[in-house]
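Feature annotations, courtesy of Swiss-Prot:
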SIGNAL    1-21  signal peptide
DISULFID  50-65  disulfide bond
DISULFID  57-70  disulfide bond
DISULFID  64-77  disulfide bond
MOD_RES   81  leucine amide
């Protein structure tokens, strides 16, 4: 009887310790996630020298990135197929 009570109490203590540790990690997780999001957001501030797929462009000015061409009809960068 004493051994089963001791094991039950030890199990509860272990459960408390594991729960506290995981809760502590969960509190740090949002901070880490936000810091990673803002670190990625810093790269968006840098401008490219060319325009990507779907960006508006002026035909004949070569504003689109390599492998893209400015569509004269739609006036946006599209994939250049070599035709």
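Note that Cβ sites are derived from N, Cα and C of the backbone, with glycine treated the same way.
The structure displayed is predicted, hence computed values, not measured ones.
Here residue 50 (disulfide bond) comes close to 63, 64, 65, 66, 68: these same-chain residues lie at least six apart in sequence, with C-beta atoms under 8 angstroms from its C-beta. Distance between Cα atoms for residue 57 (disulfide bond) and residue 81 (leucine amide): 18 Å, as a whole number.
Of the listed disulfide-bonded residues 65, 70, 77, the Cβ environment within 10 Å is emptiest of other Cβ atoms at 65.
The least crowded of the recorded positions 57, 64, 81, judged by other CB atoms within 10 A of its own CB, is 81.
Residue 77 (disulfide bond) and residue 70 (disulfide bond) are 4 Å apart (CA-CA, integer value).
Under DSSP, residue 77 (disulfide bond) is assigned to a strand (E or B) in the three-state scheme. DSSP assigns residue 50 (disulfide bond) to coil, not to a helix or a strand.
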